[in-house]
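K.L.:
If you look up TrEMBL, you'll see 113-132, 144-163, 183-202, 209-227, 239-257, 269-290, 310-332 marked as transmembrane segment. Among the features that TrEMBL reports, Zn(2+) binding site is placed at His164, His308, His312.
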Amino acid sequence: MKMTVTITTKHHEVATDDNDNETCCTTEEKMHPQDYTQSLLDDLPPVKEDDCITEEVVYDEIYYEKSRVLLEYQDAPEYLKHNPFIRKGYRQMLSTELCIRSLFWWTNETINIWSHIFGLFLFLCLTVYDFMILRIQATWGDKIIVAIFLTCFVSCMGLSAMYHTFSCRSEVDCYRFLSYDLFGIALSLLAVYTSGIYYAFWCETDLQLFYLSSVTLIFLVAMILQIPSLNVDPNVKMIVFVAWGCYGVIPTVHWIFKLGGLDNPVVNLLVPRVLGMYGISGTAFLIYITKIPERFCAGRFDFIGHSHNWWHLFVLLALYYWHNSGLVYIEYRLNHACPNKMKFP
């Protein structure tokens, strides 16, 4: 018995087999195996570009959703563990794009970021408003001082928001942006001192120059200590900042005695404002170092109401308060010229 099987391919190849295992092949054209494989691939339906795009989008969405998962304190990167009383809400290590997108997530940094973004735009608007007023009567010296302290305030708010936005990008970036944040705080202190000294010693240029030079020198020392290669202990940096803050008492007391004490109308006008500034700043610093209220209710204030939130709000309040105090002093000086003679203690 003889059986014949015929298989027709793309190239009309015929194969015959029988019980005697005899095979006879006829082809119009003999093909290499690689060519044959390619011919089969050519017969497959083409992959649509939309299918690839859809697959990429799905992958990106999955990656994005995984990146949004917040961590608890024990799982967070070590360099983000600043406060053991904040138990959850930590971001993972994120790319630059995701750091920016995290602005719209609800994390333990959300209030910190947006409070100072608000402050940034507040002081930008005040800059425009102030110069619309100052251009009428103020001297160039007034305008320069106002420009300096508003620029410093805007920088402080912006650098703070940047630090809290990008601190989770990497450990190196965390400490880099922390240095920027501290630089912004130093700028705000410099602005407070320069504006206060400028107007307090309006009629005594020698003392004005002395105190302006001294606060600038302390500012430079504080900035040098921030250089990473020096490896200065963080506690030393903090002590320098606190000392710088306390230094402001010296020119204030000198100014009070110079003007004859509380009997002087300008002293009565501005000393309460100086004390108010120290009261707001001191309260902010006390909350910051004691970590109140989360110290007493760990985990309850993770997202809103923890000490760093209050620190940000008090800093913003202090700068706004001092801005308004500066305008009060400018108005006073525009209406009261320096006396011909001043008595000194």
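Any Cβ shown, glycine's included, is placed from N, Cα and C.
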K.L.:
Cβ pairs under 8 Å only, please: of the recorded stretches 144-163, 209-227, 269-290, 310-332, which one is richest in them relative to the transmembrane segment (183-202)?
P.N.:
144-163
K.L.:
Do any residues at least six apart in sequence from His164 (Zn(2+) binding site), in the same chain, have a Cβ closer than 8 Å to its Cβ, and if so which, in order?
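P.N.:
Set apart from His164 (Zn(2+) binding site) by at least 6 residues yet with Cβ under 8 Å, we have Glu109, Asn112, Ile113, His116, Asp181.
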K.L.:
For the binding-site residues His308, His312, work out the Cβ neighbour count at 10 Å and name the residue with the minimum.
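P.N.:
Taking His308, His312 as the binding-site residues, the minimal 10 Å Cβ count falls on His308.
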K.L.:
List, by number or range, the same-chain residues at least 6 past the transmembrane segment (239-257) whose CB is under 8 A from its CB atoms?
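P.N.:
Tertiary neighbours of the transmembrane segment (239-257) are 182, 185-186, 189, 192-193, 196-197, 200-201, 207, 211, 214-215, 218-219, 221-222, 225, 267, 271, 274, 278, 281, 285, 345.
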K.L.:
Counting Cβ pairs under 8 Å to the transmembrane segment (113-132), which of 144-163, 269-290, 310-332 comes out on top?
P.N.:
144-163
K.L.:
Cβ under 8 Å to the transmembrane segment (269-290), counting only same-chain residues 6 or more beyond its ends: which ones?
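P.N.:
Counting only partners 6 or more residues beyond its ends, the transmembrane segment (269-290) has Cβ contacts under 8 Å with 192, 196, 200, 242, 245, 248, 252, 256, 262, 307-308, 310-311, 314-315, 317-318, 321-322, 325, 328-329, 332.
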